[in-house]
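Here's the structure we're looking at; comments come further down.
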Amino acid sequence: MTDEREPIRVGVLGARGRMGLEVCKAVDAAEDLELVAMVDQGDWLFNASDAGAQVLVDFTTPDVVMDNLHYAVDQGINVVVGTTGFTEQRLDRVRGWLSHKPGVGVLIAPNFGIGAVLMMQFAERAARFFESVEIVEQHHPRKLDAPSGTASHTARRIAEARAAAGCGPMPDATKESLAGARGAEIDGVRVHAVRASGLVAHQEVLFGTEGETLTIRHDSLDRVSFMPGVLLAVRSIMSRPGLTIGLDALLD
Ligand SMILES: NC(=O)C1=CN([C@@H]2O[C@H](COP(=O)(O)OP(=O)(O)OC[C@H]3O[C@@H](n4cnc5c(N)ncnc54)[C@H](O)[C@@H]3O)[C@@H](O)[C@H]2O)C=CC1
Ligand SMILES: O=C(O)C1=N[C@H](C(=O)O)C[C@H](O)C1
């Protein structure tokens with residue numbers, strides 16, 4: 001029996017970037033997907049709509065991603081977004097655009113690594129059992145933003161789980177003698193960002209309570225680690241209208 005389905009036509013935004021290049025390779029290698037547009041800085045975004053893209057994959061920068069998304073939704077094109085920088089206000093703007101285009105799907109994931117998705121789920125589950133928790137994220141030095149989207153998302157999920165369980169503030173008597181020594185704070189959770197050559201993308205979530213600690217660590221050693229998640233999102237997004245945050249719902 002032959003599969004008569006047409007391949008999904010995919011355009012990649014940020015196509016010459018570290019992630020974009022990898023996504024182009026992965027899409028090109030997938031028999032059920034067709035790479036119809038590769039757009040980077042200086043190219044016209046409407047190349048992607050002219051090429052009949054049904055799904056756009058965005059790995060660009062936080063300062064351009066909102067314009068790309070607005071254009072795509074306006075054109076009725078589904079979007080898979082890996083670019084960082086999404087605040088609640090930004091997500092509300094996306095929801096507003098989508099309310100005028102009910103058939104369009106947008107998936108925004110802070111991390112497409114399956115192991116990273118599980119790391120966030122495990123951290124959320126562990127959150128209520130420990131007095132203390134801090135996050136250490138480590139990335140390559142060409143990364144533009146800090147803290148990482150993954151660390152911010154993990155911190156928010158931990159904070160929500162702690163609040164739902166009625167956990168109080170974490171014990172911490174330290175007074176900083178140098179600003180920044182204790183990292184940044186997201187919803188009460190400390191986040192530390194390390195940048196060093198040789199790293200790709202890594203995160204540790206360190207929990208502590210009386211007499212024990214638990215460390216949950218994830219390492220992306222190569223950007224191929226993100227591709228199964230990206231391809232899963234591309235294949236799913238046309239049947240998921242509206243806004244989906246994270247890959248979790250696609251893995252259930
Ligand atoms: N969600 C996830 O799993 C992952 C997310 N990321 C995020 O993806 C983003 C990109 O990361 P990298 O590929 O490492 O960065 P990069 O700097 O290598 O690539 C970004 C690309 O976007 C291009 N670009 C800039 N403005 C553009 C525009 N208006 N239209 C089209 N292209 C444009 C740049 O020229 C560059 O080629 C970052 O926000 C990063 O944090 C990175 C890895 C995994
Ligand atoms: O810029 C990167 O490299 C990565 N960005 C994402 C983030 O900020 O969380 C995902 C992953 O950590 C790699």
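Every residue gets a Cβ built from N, Cα and C, even glycine.
Under the heading domain 'Dihydrodipicolinate reductase N-terminal', TrEMBL lists 8-112.
The feature NAD(+) binding site is assigned by TrEMBL to Gly14, Ala15, Arg16, Gly17, Arg18, Met19, Asp40, Gly82, Thr83, Thr84, Ala109, Pro110, Asn111, Phe112. A 10 Å cutoff on Cβ-Cβ distances gives Asn111 (NAD(+) binding site) a total of 27 other Cβ atoms nearby, all chains included.
Per TrEMBL, the feature domain 'Dihydrodipicolinate reductase C-terminal' maps to 115-250.
Per TrEMBL, the feature active site, proton donor/acceptor maps to His139. Under the DSSP three-state reduction, His139 (active site, proton donor/acceptor) is assigned to strand.
The (S)-2,3,4,5-tetrahydrodipicolinate binding site annotation in TrEMBL covers His140, Gly149, Thr150.
Taken from TrEMBL, the feature active site, proton donor covers Lys143.
Between the CA atoms of Gly14 (NAD(+) binding site) and His140 ((S)-2,3,4,5-tetrahydrodipicolinate binding site) there is a gap of 18 Å, rounded to the nearest whole number. Long-range Cβ neighbours of Lys143 (active site, proton donor) (same chain, at least 6 residues apart, Cβ-Cβ under 8 Å): Arg195. Note: Thr83 (NAD(+) binding site) has non-local neighbours Gly14, Asp58, Phe59, Thr60, Thr61, Pro62, Val65, i.e. same-chain residues 6+ apart with C-beta under 8 A of its own C-beta. In three-state terms derived from DSSP, Arg18 (NAD(+) binding site) belongs to a helical segment.
The C-beta environment of Arg18 (NAD(+) binding site), restricted to residues of the same chain at least 6 apart in sequence and closer than 8 Å, consists of Arg142, Arg223.
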